[in-house]
Structure formats: C-alpha cells, structure tokens
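Novice: Pulled from TrEMBL, these are the listed features:
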- 7-26: transmembrane segment (TRANSMEM)
- 68-92: transmembrane segment (TRANSMEM)
- 69-258: domain 'ABC transmembrane type-1' (DOMAIN)
- 104-125: transmembrane segment (TRANSMEM)
- 137-154: transmembrane segment (TRANSMEM)
- 179-202: transmembrane segment (TRANSMEM)
- 237-258: transmembrane segment (TRANSMEM)
Amino acid sequence: MRKKVSSIVLNVFLLLLGVVTVYPFIWMLCSSFKQNKEIMALQQHLLPQEFTIDNYISMNSHFNFMRFFGNSLFITIVVTLLVVYTSTICGFVLSKYKFKGRNILFGFVLATMMIPWCVTIIPKYTMIQKFGWMDSYKALIIPAMFSGFGIFMMKQHIETIPDEIIEAARMDGANEFYIFHRIIFPMAKNGISSIAIFQFLWTWEDYLWPYLVINTKEKQLLAVGLKMFNGQYSTDYGALFAATAISIIPVLLIYLFFQKQFIAGIAASAVKG
C-alpha cells in the first residue's frame, strides 16, 4: 500500500512538473495567433479571442525570417555533420590504436571540456580577424569542426566494440578506411545520434558567436535574427512568438526521430565511463 501511494505521489509530482515546463511553450504558441493588443492586455486568456495568422505573414515580410531560418539550418547541418565525423574518427583512433602519447593527447581533449567557453572568445575572435574570416561562414564552421565532448563520448562508445571484430576484418584484408566506414561507423550509430543531437542543439541555439563575427544582416543566423523583432520603441510580440514557435520545430523533429538512439548512446557511454 505504501509503495502504491509513493508511486501515485511521484506520478502527480512529475505531471505537475511537466505542466509547469510545457505551459510557457503552449502559451507562446497560442499567443502567436493573437493580435499584439490582446497579448499586451491586462486580462489574459490562453486561447486567442480573435484568431489571426497575420503574425506568421509579417514575420517574413517585415523581418525576412525565412532567410535567417535557412542560414541557421545550413550552418547547423554542416557543423553537425563535421563534428559527428571528426568526433567518430578521433574516438576510433584514441580507443583502438596504441601509440605513445595517446593518454596525454586524450588529456588535452578532456582539458578543452574544462575550460569555460567564454574564456576562449577573445583568442578565437583575434584569430578570426587575422585570418580574414570576419563576416564569413568560415568563422562559424571551422572553429566548430572539432568537439572535445564529442571525441570523449565517441571514444567511450567505440571502446565497447570488441577488438576481435576489427582484427577479423584486418585478417580478411580490409584496410583501415574500410574498417572505419563499414564497421565502426554503423556500429557506433547510437553514440553518433547522441552527438548529432547535442551538436545540433548547441549550433542552432548559439547566439553570441554569430553575433560577434557576422555583420551582414543577410548572412545572420536565426538566434540573432530574432533580436531584430525588438524595435527601437516597441516589440512586435506576435511576430516574435510566431518566429520562435517555428524555430523550435527542427529541434522537436530531431529529438522525436532519434530519441531512442539518443538515450541508448548516452546509456552506453555512461556505462563505459
């Protein structure tokens, strides 16, 4: 009986926690179909009293939202693919190859995870200026190609793959390129999914770095573009909520399609760690 009561209390608590977490997003979505005067009214209603889609029209006609969305989608996909590939190949080398200095090299990888990101902004910004990459997508893609967290996760995950499989492939005449792409890569798909989701989220939501290195409005990313909904004297909240609601869609789709692999990848890396 006591166990049943504890289970009910826990479920009620989780339900309330879920409502508190989800409610702001529901309110934002509903508000995207309201007029600004209704959003700013003292008496608030969850559902719009006068349903309108004008906010979704004005967010693109007045603020060029789809250009920002396309820029962010392009950069996010490119960076995610590069990080997945470099993290997997580095994790493969650090986990399956024996060479001098391997542990020292892995120590440097771990050190990059311990340094606060904000500490590296000024050195990175100075390098970008010297290379002439300011206001270029090179400044967003190249510094993000390698991820210490991604390398760490993939090393832990690939270590769970038996060495006998690799040795058998070598005995059959397979070269290292074939082993990596045809054996390691498919077997590490759960870890790859985890890294891909993390990197997608980090790149998609990044605000500060694009704000610093991209100056041309047409090249700007979505996170920075949303700030343009704040005018000098007022804010178009309806269009802002509409744009924010659409900006969440890629994140939801990524997690919905890959949530099983994401959880499996995290669990496998945690067990190995």
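Placement of Cβ uses the backbone N, Cα and C atoms for every residue, glycine included.
Owing to the predicted nature of the structure, the values given are computational and were not obtained by experimental measurement.
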Novice: So, does the transmembrane segment (237-258) come close enough to the transmembrane segment (137-154) to give 3+ Cβ pairs below 8 Å, pairs being at least 6 apart in sequence?
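Specialist: The transmembrane segment (237-258) and the transmembrane segment (137-154): touching, no.
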Novice: Counting Cβ pairs closer than 8 Å, which of 7-26, 104-125, 179-202 has the most of them with the transmembrane segment (68-92)?
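Specialist: By Cβ pairs under 8 Å, 179-202 leads among 7-26, 104-125, 179-202.
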